[in-house]
């Protein structure tokens, strides 16, 4: 029982208020230490950690080699200087990090808490709190340790906590103490409390706790419901007392803060591979030179002994060769420079800062700037192929707004007159002083009808004000705050409030409503709560007059079945309205009521009571009674709630998909909601050929559905091919034959050739089967052939599995974006995790690599920052490897002329400083600041993103090209001076070919060549670039002159024996002629090659850059481009209205949780201290409603919806051939017709933006497209409401995508290379088109 | 509009943080690249022509005296190991040797570029620090100590000092007339004045007390030049020239200049004879020894490669520019029609 604590604690015993007893177990104190070092341990521990890095160890090994005099071909400082530099930079960074950890630890440890000691409260620092102490917490305080709740100020000893720091959920949770301890009350009683808790050892399970409380000879079971965990914040509770169970490092919070897995980018991995290859290359060269040395020693050296005797230990040529090998390993090690890793880190850090600093990724509403939380992944942002997005809070704001309604056959909410411009928001304040000022509604007719006393409208809003489980708080007269369980409900009750039916308060048995200024209290007879199967909720109320009425709201499908037959006509009208709403992506609910006679009610109440009492199948029996009474209802109308998309979501999705990024939505929401959102953010469109829905419950079913989807795709594609490109493709039939793909997924070419006009919606329960090993291949294949994939009802784990699946099968870079705790697993799994720092707490952000507050910033993160980062990193790496090969390989060639003796070509100081001083800054500046095209262009031309996805800018091929160029340069740098110097003399007759002159000349030539090369590589010359490039050259010359000066020589003659070389060499005209010649021979071929490549095979970025240049020149005289853009935007905005056809998609969107009704009727949650509430409400005044939405996520509903019975693959738009054949023939046309044709008929036949025939070059088409793509951005910039201004143009953009492929194909082909012949003319034309579009 | 403090986290709007620094964005446009190539080509051709012509005007006379060939007069000296063996190389100048004439000796297949040649010397010693006379640096191994006596100057480089000597005679009407050599100023200024310093001890010999001469040397350092006392020790010009090691295995080293007033305009045409005191063994490692007479121009000695290289590169630039022009024209202009 009293065993010493062995490392794995088996159970924990804590006796309250008995420190002596508890100390026996040596439980951890409440002092936390997240820091790694202290002043004394810093150096050894940090060094130890750093030398665990392979690179550092490698350089340490080199350093040791250099200390052996027989091997040392270079002084020890050539390695130690960079190594020390690198180590100290890292050490400083680590030290800073740790300092801040110390600081935050101190801050946390010194927080005050109140401990009950001897019956009185004493202030103690957190770190002095011990296990077994009873502490008092006050409202809004952080919980200091994991506590067992003993008592609280609230009735029933309830206690409200917010767990945002723990699990990211911001909704409040309720904790309740055991009833025995609840009575303890004041500190005196608590001080005498001596219960003993026996519980599980510390663990990281946040939602589980089991233990027993022994007190007064009785056992009481404890559960998580009794625990307050460290990190939570006490809310709405004046105070509470708790017994410390786990402290400090044992708390669940600390147990959970494991180190996150370190993510590496693909460039990192490639770099490591390459470094390994280079290392092998180094060894090979070492071997070659060692063999050379052996041969030389035999052939020449042995006879040369009278002049050149062997060093002492060397007695034969083999040993000499062995030493020579190591000597060469030392001098050639600069091919893998130590500064590579540091520079890469510095560049990434710079890029991260640029992300943090970006004002366009700053959200003024929430005062949050984007944050790169990981600094090592930036360039991977430029390679993303798959985005996995959460829906709620990520795509949507999770703010519901009452948008439209249909009241007894009349639709309200649609503002029909488009000419009136921005419709005016209704002002409710005059009508209703208690109206919620944030409520937006535009249709005045509804308000009028309420004012006129239309009974239907009144009943409609009465229902909304009665039938809900919202709680209201009114601290001051007129300051109402609703706390709704789901944002939908909040929106509905708020709407009723604004229209004069204000829900004021409730008790377990009554509901008080102010109806048009007149308070009415209804008796609440029953709440027929919502659940997943019922998809509706009802209340039964008795009004003051005594009439009993049942009010019901719910999903149309279910409610329509339960209506009284006389509603038939109204039902049809309402159905039309519902279709309309669904078409607009709104979430709909149908409202109905039923009058009940007293007898009916009595009878039902009796039944209900019996059902409620029954012990077996209580739920079923209750459901049956509910079912019984919800019949023969009268239809009142329908509501449509807009699940507001975040700003700019459809634009972002469109642009990202134009950038060939596939977006998958993974959501815990229901299928209907998810599909609705899919439509409203334009992932799904009515133009889509087919939307496949996979919702089977069994393996066979899912397999079957997947197979059918695939067959459909094949069929349609086959058909399209026949109509579109059949005449050119006689082999189409063959392709079709290979269509039915057995489990082995077809080749990726087949897959890519399917135009992505399909969408896949898959349910969580089907996904579980699809993710099984034997089906995942099929699933991936099918899903990837679709343009949009929506996975609904997925669990957090499944989210991660899907991401993992794509990572495994597609070898593509994945990005996961989400905002809630349920996205954490996915964020951690994906290559890049992005957290939306929205309203759902910080868990996702904490787990993420990047965080910002709006989904739309993603386009900037990827297309601007990611693209640039990738570009810069690639250019940096190319150049870096180049410069080091150019630098180092000279030694190799020189080896043949110095008897393979590992004689370096350069001065040792030059070798030391070359990488860290002479050439580091220009390439760093390029790596940090370079831009190929301006940021606006990368958003206008999303195709610019593609090189990153295809990994074109730095891969093994590019690497070999760099290496080849580097080796070429080294050859030139050696051979030119060699050829010239072998006979040359100075003007004074002294021969030039002495070693020091040669060294200085080669070094100078090298520095100049690499500087010119960086100048060529730099595309964006800022002041900093100029400063660094010219500065590096100056530094080189000044350091060289200084090193070769008399002063240094007189102090260290042995080290600085190059005295006078620089001064003497650099005044020789011949030396400069040599340097010039070498530079020109090195650079001109590169220049010519680049020029020809630009002409013959221009990249899109080159073209854009070129047109940009031309446009800049063009813009100077006339600034009309802006006007054109704006015109286009207006056109799009106008076109929006009436553009949507709207296929029937009814969305039951009652995001709700069962059981709240019970809580209301039991009255448990009825009281909140007014003080606490005031506090709470003021903190959450604006976003309180949204915070509750978390409920929806935290409950994963069992797969029991009725949709399983629907046909296996119902296609919403089945058989809509026209759009498909249209688009595929477009595609076929652009691929199959000869280029000349293609240029005459641009593949983009977008009526609203491309009056194209007179556009006749590829880049011109690009521009036309850009006009289309530009519009959304300009809509926003013009200040319009973006989400509405987008509607129509999206279809166009998506078609533009197809057009793009054609364009891209032609751009990459050799048929019409080159830039536009007369770019000025082209741009003008383009601008004019935009203007015509606009007007 | 949100209030000021609500925007506390708003990033600064500077050109730097927003990545909008004004920048020059060069592009490889035809208007720059093609004329650039032409200009570089023309400049290179111009320089090349100048260099080539200058180089052609330089006269060089070169004689191998290794003595491998049995017909060579130095054959005897090379095959036997007689010290101070003397042999002659005779030659005839058909035209006058213009300007100041420089006399070089050249060694080939001689690896002064070997790492140890560079490393194996003690600059403390050579800069006249007498503390290192008694304890030379370890880098001088195996020529650090002769038995236990420290070697000054120590190390491989010094030990292998080239010790053939040359005299040039003009044969005028059968009589030989010594062409006086000028041995001053043949070493680098910085070497002579800064890098190599004799100890400040007079007479110099005292400084070398207790030290041994390098193994291969016939005489100690302070007796290198018996004719000129100031040309001894570490500042001996021949020693300095030798110690400035060659970068490549085949090298020239300046031996003397001809500054005599009689020959100030150059060596007149006629017969000459070089008297060689043959000491330095090179046959064993297939080395070659030569003497070279040359005059220099602004660009130094004869160097045909440089001119040709410039010409070739210049022409290639022109060719390249034409190719680029064609490519540019072919792929740019037709679209404009």
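Glycine too: its Cβ is placed from the backbone N, Cα and C atoms.
Among the ranges A:677-713, A:714-750, A:751-787, A:788-824, the stretch that TrEMBL annotates as region 'Disordered' is A:714-750.
The feature transmembrane segment, as given by TrEMBL for the ranges A:235-261, A:316-342, A:343-369, sits at A:316-342. When TrEMBL is compared with the stretches A:636-656, A:825-845, A:846-866, A:909-929, the one noted as transmembrane segment is A:909-929.
Checking TrEMBL for transmembrane segment across the ranges A:589-612, A:1069-1092, A:1093-1116 points to A:1069-1092. When the neighbouring Cβ atoms lying within 10 Å are counted for each of the recorded positions (A:390, A:819, A:823), the highest count belongs to A:823.
In this structure, residue A:668 (ATP binding site) belongs to neither helix nor strand by DSSP; it is coil. For residue A:822 (ATP binding site) paired with residue A:390 (active site, 4-aspartylphosphate intermediate), the C-alpha to C-alpha distance reads 9 Å. Residue A:390 (active site, 4-aspartylphosphate intermediate) sits 25 Å from residue A:530 (ATP binding site), counting Cα to Cα. Note: the CA-CA distance between residue A:819 (Mg(2+) binding site) and residue A:392 (ATP binding site) rounds to 8 Å. In the three-state DSSP scheme, residue A:390 (active site, 4-aspartylphosphate intermediate) is classed as coil. Helix, strand and coil content of the domain 'P-type ATPase N-terminal' (A:14-80), in residues and according to DSSP, is 31 helix, 2 strand, 34 coil. Over the domain 'P-type ATPase N-terminal' (A:14-80), the average per-residue pLDDT in this prediction is 83. According to its DSSP assignment, residue A:587 (ATP binding site) is in a strand.
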